[in-house]
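J.: The structure follows.
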Amino acid sequence: MVSLADESIIAEFVAESREHLSVVEPDLLAMEDLGAKVSQEVINRVFRAIHSLKGGAGFFSFESLKKLSHAMEGVLMLVRDGKLQPTPDLMDCLFTGVDRLRAMLDDIHASDDVPFAKELAALEAILGGQGVNLGETVKGREKGTKRDFDLDAESVRSALKRGMNLFRAVAYLHRDIRDQGLAPLAFLNNALSVGTCLDAFIDIEAIADLEHCLEQDLPVTLLFATVLEPDLAAMALKLPTDQVKVLEVKALKESLKARPKAEKAPAPAPPPAPAAPEAPAEALVEAEAEARTPREGAKDTANETLRVRVDLLTNLMNLAGELVLGRNQLVRAINDYRHEIPGLGAILQNVNQVTTEMQEGIMQTRMQPIGTVFNRFPRIIRDMSRQLSKQIEVQIEGAEVELDKSIVEMLVDPLTHIIRNCADHALETPADRKRAGKNPTGVIHLHAYHEGGQINIAVHDDGRGIDARKVLDKALAKGLVSKAQAAEMTDREIVHLIFAPGFSTAEQVSDISGRGVGMDVVRTNVEKLGGHVEVETEVGMGTTVRLRLPLTLAIIPSMIVGVAEHRFAIPQVNVVEFVWVKASEVAQRIEQVQGALVLRLRDQLLPLVRLADILDIPRTYQDPGTGEPLPDRRNAIADRREAEEVPAGRGEDRRKDWRSDYNIIVLRVGKNQYGIIVDELFDIEEIVVKPLSSFIQNTKCFSGATILGDGRVIMILDAGGVAAASQLHFTDLQAEELRRAEEERRHAALKASRRRSVILFEGARGERFAVPQDHVLRLERILLGRIEHIGDREYIEYRGEGLPLVRLDQHLDVRPLDAALQELFLVIPKVPGQDSTARPPAGILISEILDALDVEVELKPVEFKGPGLLGSAVVQDHLTLFLDPIDLLRSAGLAGGAA
């Protein structure tokens with residue numbers, strides 16, 4: 001090992017090597033999934049990464065690292081050349097090789113002590129199983145003393161299509177081979193381990209005369225194809241860079257055009273496709289464009305990036321925080337003079353804008369895509385699925401979403417626990433999934449997205465779901481809840497018991513899970529980040545674990561609030577809205593449900609907490625007369641006395657004074673919301689988060705501290721911690737909301753059932769009746785002289801037919817119509833289901849039609865019974881009998897039109 005090597009260079013080598021391995025793993029997974037259909041570009045990316053790692057290891061003399069990577073490189077070369085297929089067993093060897101390389105990089109100076117014999121033996125067995133020494137891959141080389149290459153268009157085109165560069169490499173037998181302790185064959189084998197030799201010749205004419213031939217060095221010129229870039233190609237061949245030159249494809253094309261077709265020697269390989277010999281130049285150009293464009297784009301992108309140490313970025317972030325504090329102090333100190341000094345306002349605005357942009361720019365340097373965490377899970381699931389004999393597919397969405405580096409690093413453990421639980425507990429075996437009518441392959445879907453100024457990460461599986469009853473039985477058995485508590489818990493609360501320390505539903509402990517620490521770690525780590533975790537599940541359908549996290553922990557916009565003489569900061573990401581309740585509206589808008597304060601906000605019940613009570617701060621109020629703060633001795637949220645003339649203590653009634661208005665901030669914790677009552681609202685400021693002292697680290701209500709512009713140190717409230725300290729029962733309120741909604745629905749249904757559209761009329765004078773409008777076909781005015789009698793029945797001509805008539809006094813205990821009336825009215829009932837053109841059964845004689853109106857009444861039973869009586873009610877301040885005309889006619893034997 002190179003003991004005098006600069007440690008910073010070695011650290012850079014380790015960082016670059018880890019980056020290479022992070023790129024290699026997804027490509028290895030793609031190789032395994034696609035098999036023989038994998039593209040050459042994917043294989044070349046893996047090959048280049050492993051070769052770069054090997055080159056650095058050789059430079060620093062990390063022998064174990066070099067040997068293992070060299071063996072992996074040899075296997076990859078055989079895959080690239082089509083001699084090996086990427087089978088699961090072969091990929092296992094490559095994956096375990098990557099794991100061992102990563103272990104060596106973790107302690108680079110002790111890398112030679114890391115055992116790797118098993119992995120090396122497996123790779124060498126693959127190489128030996130081919131029965132091919134790497135040097136034997138040289139094909140079609142012509143021997144002879146030629147000063148130029150014998151080009152084969154098909155070989156060149158094939159190399160370019162595989163993404164290779166073409167080089168003219170000159171190696172001197174003495175200086176570059178023998179003096180380096182190499183035999184010519186060893187040199188050639190080394191070259192063929194990283195590329196393909198398309199042609200070669202020894203330039204004997206370089207020897208001036210035979211007298212000094214032994215003293216002169218013979219040059220060997222190679223036409224060499226490799227996926228490596230020029231600087232790496234020279235390093236791989238162990239030649240000076242001036243002896244390895246990239247060949248211009250255009251020049252090769254001209255050379256191919258100039259050569260007569262007859263000169264072309266027949267190739268021992270199978271003949272190429274017919275189109276290739278006819279247009280070798282065009283095919284060559286197309287292959288060149290296809291092969292080179294992506295690499296040139298990648299090089300441009302690389303030139304736009306710069307590697308910066310993390311400690312430097314952390315220092316810049318801290319300085320940005322101090323700059324924000326200084327900006328806030330400056331604005332606070334000279335804000336009163338901005339109108340007195342011309343131009344001061346513009347200067348302050350410019351300083352504020354530049355500071356904000358600088359702070360945002362520095363924060364962007366620390367932002368990392370969540371994909372750096374997500375991309376490690378396909379490999380984890382690949383290994384677990386083989387170990388558990390399950391078929392599992394990982395789907396990733398939103399990998400480009402960015403988070404602060406510190407948050408990304410702390411998410412690794414929580415997400416790993418969740419993913420392992422999905423694979424081990426949630427997803428069924430292929431046989432069980434088939435029996436359940438599911439696809440044998442289970443799916444784990446990772447989704448990251450922005451919402452409400454926060455990052456949301458959802459991990460969903462389509463497995464068996466969480467059985468709340470089973471969770472409750474385990475919790476009771478472990479003593480996590482009592483039977484009394486269990487009886488009052490909802491399914492959602494039961495499911496969240498999986499976050500309790502020591503809880504596990506696994507039947508037995510394995511090397512994968514079952515020890516009961518996983519989900520507890522998830523919640524603890526997420527809450528340390530100022531986040532929240534929730535679980536949604538449906539038995540037989542699957543489970544979703546949802547994490548909500550802040551974008552950054554360094555500088556955050558916050559609302560500054562006041563309680564008594566104290567001030568606090570509430571992160572803006574938790575703030576939903578502000579609600580101002582006037583003192584005169586308190587009795588109508590704030591109430592108690594099961595002993596807890598709630599605010600009725602847009603037909604929803606919002607739990608309320610007093611910040612002063614939670615933090616044990618003595619409550620005060622401003623005296624309406626003097627304005628001085630006085631102790632507030634009221635226990636209730638408002639003075640509920642009904643008598644307006646009773647004074648509230650001394651002075652004016654403060655129930656009506658504006659100083660008794662309530663400032664309520666609605667906060668969000670996960671999917672739940674609650675209101676927090678404060679005395680004052682100040683402003684929204686960008687604050688720098690400082691860690692809590694060890695003396696108050698275990699306080700639930702605070703997540704950090706900050707310094708205001710006036711130098712005052714204030715605490716940052718944790719919305720989730722305040723809710724927990726208040727022991728808010730969101731499920732109880734949700735149940736109360738459902739109960740009230742059901743009550744309102746029943747009330748609306750009852751109200752609708754009481755609402756009737758009726759025809760109001762009189763029988764005898766002073767006796768009022770009503771019939772439903774939908775029971776009436778027509779209302780007719782008739783003269784008394786039109787009524788005809790047959791026996792004791794009365795008729796009237798109606799539409800060319802005789803219509804029987806019915807008088808109310810003949811069937812009900814009511815007075816008869818006034819005999820002096822010469823003009824009467826006729827109510828013709830409508831038979832349900834009968835066509836309006838059909839002959840009506842009969843008509844009811846009445847004295848006067850009063851009105852057609854909608855009434856909302858509750859019918860009461862009448863003192864006497866009679867056919868067609870529905871009940872009675874007061875309408876327009878008169879007792880009114882409600883009739884069913886069809887029932888009345890049926891009792892008279894006239895329903896259905898019987899005469």
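Going from the start of the chain as shown, residues are counted 1 onward.
Glycine too: its Cβ is placed from the backbone N, Cα and C atoms.
A TrEMBL annotation is a machine prediction, not a hand-curated record.
Worth saying up front: this structure is predicted, and the values here are computed from it rather than measured.
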J.: Among 258-302, 393-437, 483-527, 753-797, indicate the range for which TrEMBL gives the feature region 'Disordered'.
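T.: Of 258-302, 393-437, 483-527, 753-797, TrEMBL gives region 'Disordered' for 258-302.
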J.: Do the domain 'Histidine kinase' (286-553) and the domain 'CheW-like' (755-894) share at least 3 Cβ pairs closer than 8 Å, excluding pairs fewer than 6 residues apart in sequence?
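T.: No, the domain 'Histidine kinase' (286-553) does not contact the domain 'CheW-like' (755-894).
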J.: Which secondary structure state does DSSP assign to H51 (phosphohistidine), in the simple three-class scheme?
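T.: SS state of H51 (phosphohistidine) = helix.
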J.: Mind looking up the mean pLDDT for the domain 'HPt' (2-108) in the predicted model?
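T.: Computed over the domain 'HPt' (2-108), the mean pLDDT is 84 on the 0 to 100 scale.
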J.: For the domain 'CheW-like' (755-894), DSSP counts of helix, strand and coil?
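T.: DSSP composition of the domain 'CheW-like' (755-894): 16 helix, 71 strand, 53 coil.
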